[in-house]
Amino acid sequence: MNNYLSGINGIDDLKRLKASQLDDLASEIREFLLENISKTGGHLASNLGTVELTIALHHYLNSPTDKIIWDVGHQAYTHKILTGRKNCFANLRQKDGISGYPKCAESPHDIIGAGHSSTSISAAVGLSLARENLDQMGDIYAVIGDGALTGGMAFEALNHAGHIGADINVILNDNEMSISNNVGAISNYLSTLRNDPTLKKVKEDIEFLINKIPKIGKTVTNTVDRVKNALKYSFIQGVLFEEFGFNYLGPINGHNIIELMKHFKQAEAIEGPVLLHVVTKKGKGYPPAENNPDKFHGVGAFNIKDGSSKKSKSKASYSQIFGETLSRMAAADEKIAGITAAMPSGTGMEIFAKAHPERYYDVGIAEQHAITMSTGLARGGMKPVAAIYSTFLQRGYDQVIHDAALQNIDLTIAVDRAGIVGNDGETHQGLFDYSFLRPVPNLVMMAAKDAEQMQQMLYTAVNYQGPAVLRYPRGAAAGEYVPRNVSDLKEIEIGKAEELIEIETDMDLTILTVGSTVLPAQKAAEVLNNNGYKTAVVDARFIKPLDEEIIIKALKNSKNIITAEEQVLAGGFSSAVLELAADRGVAINKIKRIGIGDEFVTHGGMDQMKKEYQLDARGILENALSLLSKAEEVNELWPEKKD
Ligand SMILES: Cc1ncc(C[n+]2csc(CCOP(=O)(O)OP(=O)(O)O)c2C)c(N)n1
Ligand SMILES: CC(=O)[C@@H](O)[C@H](O)COP(=O)(O)O
Ligand SMILES: [Mg+2]
């Protein structure tokens, strides 16, 4: 058995291999991916599907002079293996390890960072315009999947690229999958291109025959031209892309390295934008992933033998509780509709889809459309609930303001993955939604602290007559999950906080908090109160509107204040508290704000990163003791191992 991979520590080593050795290298890389990702977790299926494509690109091109831009970038592990980072995979997506996405700081071969979908063609156009001015780069390739192609931004870029005749190459990696089955008319169109290779032959014959027709008289010539265009339209491959001004090449077998490089050479000879339609199999070479590409899109540690997860079945996640509760509510209310932007499994909306397929909509990677379509659903009498990750909701911000809040639309936005998400790192942290949603008039915004409140808050948000936002974190829900019948769910009074530990006069400390930091704050306060301090805890429950009465009461009766939130501090919950104090002229003796400072939070385990930012019970206790001038007591009161 050869071992080409062991000799590859950079692109030059790859280029020394002959084309005939590259298939063996591909097998070795597949084995390497399975070996490593089965331990670290990561995006398995997408990377198994792009091994040959990546080898072909790097063997044919000269990166980093030639530029390769990865869309979403979750499929760029082979790119990282070939560009000198093979030995970093033991720490893939771990703290201080390499990112799961292209990252400029990691390598000159990572020309553009990624993580959010549908950005690659825009970046490629920008690079091509820079090359026109500075001429400091070679060929430019954008690799975009069929899922990412459902993102509107990709069409903005195709439109512009075709208009200016940008000299770029777009590789459409078509594996018929987004995370789940791909959706949309484009996806259907691609399948006709994929499945009718005869089209290519017929097109050639038709063109040959048409060109044989003698041009006689003006009328006949015009008719012939019209026939020619009509036939061209129906037979020419990739006409959609041709109409965007791209030269279409394909479909190309994305697992045949020689065929791929032949097409790269063909593309090189073409002036202007080229779209290479490459067909691959998501999960290629590993049957569990080939058979379940959605399940193996993003995985935790698993057993290679059968693909079974190494993680024991954990508690119900907030997403699961969301999906189950919404399904129960929808059984009692036919107006409730569920909307997702290509994330049915991640958001738990697939649970709703099974229960209410007639009121379930997956719009593809199109968060902007998801929000505004939901406002249309609402204006039509439905009660839309759009489930979108916090980080991806950033894509639909204008729509939240312009189409939902301004019109005071009765829409619920379930903001999933709100807070630290862990291994996906900077591009995926959900740490800005308080800050970008709190300023928006008409919006009500709440955050769940545990499984029970998650159900109550979803019920409250859906029944609230206007735009309501519920945010909750990634992963297992805190507290015990007891599925409630809809009849047992009660609406929470809008804007009403809850004193979990009562504020009396002359408190040593009151902790004001909301969402995922509530239970850790309660634990820290209990330790303090068991050690002679007077500590109160307020669960604000709503970031907007704030319960001004309780917060002012806390400020007036506490020597020290802590605010805690799993969010950036700027514009978040603590900002709201400070704004209130200033507006009401209430002095704050001493305050410590726990949250994320002016920085992006890198990848690492969720619990590890929360500890890093003192968002766990011990971290809150540590801050409390430093306020109480007893910082040294933290190890006594909460020894490290207790976490
Ligand atoms: C704006 C945005 N929305 C949603 C996602 C979540 N997401 C990551 S990969 C993916 C599917 C991508 O499908 P495709 O481009 O076909 O790549 P494949 O995994 O099939 O190789 C989605 C929806 C994202 N990264 N960015
Ligand atoms: C690549 C991408 O953006 C998604 O696959 C994302 O990683 C999903 O995140 P979760 O694992 O939190 O669902
Ligand atoms: Mg795909």
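Note: Cβ is positioned from N, Cα and C throughout, glycine not excepted.
Copied over from TrEMBL:
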| type | residues | note |
| --- | --- | --- |
| BINDING | H74, G115, H116, S117, G147, A148, N175, Y286, E367 | thiamine diphosphate binding site |
| BINDING | D146, N175 | Mg(2+) binding site |
| DOMAIN | 316-480 | domain 'Transketolase-like pyrimidine-binding' |
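You'll find the Cα of H116 (thiamine diphosphate binding site) roughly 14 Å from the Cα of D146 (Mg(2+) binding site). Annotation note: E367 (thiamine diphosphate binding site) sits in a helical segment as assigned by DSSP. Its Cβ taken as reference, D146 (Mg(2+) binding site) is surrounded by 25 other Cβ atoms within 10 Å in the chains shown.
A 10 Å cutoff on Cβ-Cβ distances gives H116 (thiamine diphosphate binding site) a total of 21 other Cβ atoms nearby, all chains included. Checked against ligand 3, the binding-site residues H74, D146, G147, E367 give D146, G147 as the ones with a Cβ under 6 Å from it, listed in sequence order. Annotation for N175 (thiamine diphosphate binding site): same-chain Cβ neighbours under 8 Å, separated by at least 6 residues, are G49, G145, D146, G254, V279, T280, K281, K282, P293. Restricting the average to the domain 'Transketolase-like pyrimidine-binding' (316-480) gives a pLDDT of 98. Only H74, of the binding-site residues H74, H116, D146, G147, N175, E367, place a Cβ under 6 Å from an atom of ligand 2.
A simple way to gauge crowding: the CB of H74 (thiamine diphosphate binding site) has 26 other CB atoms within 10 angstroms, across all the protein chains here.
The Cβ of G147 (thiamine diphosphate binding site) has 30 neighbouring Cβ atoms from other residues within 10 Å, across all protein chains displayed. Between the two most distant C-alpha atoms of the annotated thiamine diphosphate binders (H74, G115, H116, S117, G147, A148, N175, Y286, E367) there are 32 Å. Around the Cβ of E367 (thiamine diphosphate binding site), the number of neighbouring Cβ atoms within 10 Å comes to 28.
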